[in-house]
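Following: one structure in structure tokens, then a few remarks.
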Amino acid sequence: MSRQSLTKAHAKISELTWEPTFATPATRFGTDYTFEKAPKKDPLKQIMRSYFSMEEEKDNRVYGAMDGAIRGNMFRQVQQRWLEWQKLFLSIIPFPEISAARAMPMAIDAVPNPEIHNGLAVQMIDEVRHSTIQMNLKKLYMNNYIDPAGFDMTEKAFANNYAGTIGRQFGEGFITGDAITAANIYLTVVAETAFTNTLFVAMPDEAAANGDYLLPTVFHSVQSDESRHISNGYSILLMALADERNRPLLERDLRYAWWNNHCVVDAAIGTFIEYGTKDRRKDRESYAEMWRRWIYDDYYRSYLLPLEKYGLTIPHDLVEEAWKRIVEKGYVHEVARFFATGWPVNYWRIDTMTDTDFEWFEHKYPGWYNKFGKWWENYNRLAYPGRNKPIAFEEVGYQYPHRCWTCMVPALIREDMIVEKVDGQWRTYCSETCYWTDAVAFRGEYEGRATPNMGRLTGFREWETLHHGKDLADIVTDLGYVRDDGKTLVGQPHLDLDPQKMWTLDDVRGNTFNSPNVLLNQMTNDERDAHVAAYRAGGVPA
């Protein structure tokens, strides 16, 4: 296609957009942003010539690699520890992808720029493709992995699991509230521009080190589309910056979007990489080192900081606090311990830690053993049924954590937990910023300006409240996390598939589970103050 014909074709596509001049169109997806002064630029024009042939080639490579993995016996070599965590990851990730596809009509409706609508429509096609190849990857794992239990129920389990619902909250953020907040700042400017680096670049590297070369093939194919999505987001961001009235909203949304992405993505991907690997070479990057390279240098310094020249206040404090939480406060390690504590209500198995693991963690995170080593030794000791309860119900010096109302990751850095009465309910938050998000950002007014499109953080956001006072065996049964024999749990605290060493419903029966947040709301003021003070001091034995 010649340059002239390309220009003509692009102009013809733009003509398909109809803008009524005699009536005000109905607003389907509201936004508090204004675009009256916005410049108009279309990032699609540069790739229109090759888009469909390019995507076809990428799909062919993905499905060819899947066929090659089966023929090459990849599943004889892949580490079980790694693939078990993929049961959780691959149950979650297709949902944010399809939510991103659903977000594009929101952006198209909210942004009055026919030029950019083409690029957003193509992004919608991308996101559907991403979700499709990820679902096919999950199906291939299920059909060929030694233990398909968990892979075969991921769509159901994702929606009712204490960890999966964190990912659901993350993906729903793309399609709820203010259309620009959700579909542009939260999704494109932060999630796709920053955190896909660790999701789709750093994590595939770890997969390959554990004998899984299918996940890198799929997710590098996904990541190759992200540059166009980043361009879409940046174009809308520049349009919003053209109107000074949008600046407070942009600064609000950057704080919310950055922090919620950090809380959720770093929790999940950090755990998958650090605790799902068997590769303990000392020169292998830790998640903290990956984060410094991919998030701090590649995104914060190269993308966020230059926005200051437009007069935006960048959330420097939150970037530094996220780094501090990962490096100094052990955020990823706290998340891994929490997931392992909850193993009876998992639909994946979590491996025990070895001396090699301990040595690597201490090398990468000096002081790790003093804080986490003893607990993991207890996890190893309590891994098999018969003589003990699940570790969550044993005296191992660990108190089951409170859930954060906003990001839904528990308040694992206990000294930072915020407790406030909001909308008539005592709520717990993992941080001051998550409290601000609920109490200030997602409200009908922000800094004296009406923001009716932001919505609220509502619903049953604390998984534990749904199962308060129930027997653990009944919870597992209700969730459906039982194997085909009708008694053996899907989740196990080890990787041994010997039926004699696997936990059953009878092994976990008799343990009553209580919600920390329900109990908190039942306390008197004095009881609550004492409880919160003890929790912030490090918690008491469960």
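Cβ from N, Cα, C; glycine included.
Within GLU115, GLU127, GLU308, GLU320, the residue that Swiss-Prot lists together with GLU192, GLU226, HIS229 for binding Fe cation 2 is GLU127.
Cross-referencing GLU97, GLU155, GLU172 against the Fe cation 1 binding annotation in Swiss-Prot, which names GLU127, HIS130, GLU226, picks out GLU97. Cβ neighbours of GLU192 (Fe cation 2 binding site) (same chain, under 8 Å, six or more residues apart in sequence): ALA100, GLU226, HIS229, ILE230, GLY233.
There are 24 other Cβ atoms within 10 Å of the Cβ belonging to HIS229 (Fe cation 2 binding site). Apart from GLU127, GLU192, GLU226, HIS229, the Fe cation 2 site neighbourhood in this chain, defined by C-beta within 8 angstroms of the site C-beta centre, holds ALA100, GLN123, ASP126, HIS130, LEU187, THR188, THR196, ASP225, ARG228, ILE230.
Close to GLU97 (Fe cation 1 binding site) in the fold, though at least 6 residues off in sequence, lie GLU127, VAL128, HIS130, SER131, GLN134, VAL222, each with a CB less than 8 Å from its CB. Compared over the binding-site residues GLU127, GLU226, the count of CB atoms lying within 10 A of a residue's CB peaks at GLU127.
Sitting within 8 Å of the Cβ centre of GLU97, GLU127, HIS130, GLU226, and not among those site residues for Fe cation 1, are the Cβ atoms of ALA100, ALA101, ASP126, ARG129, SER131, VAL222, ASP225, HIS229.
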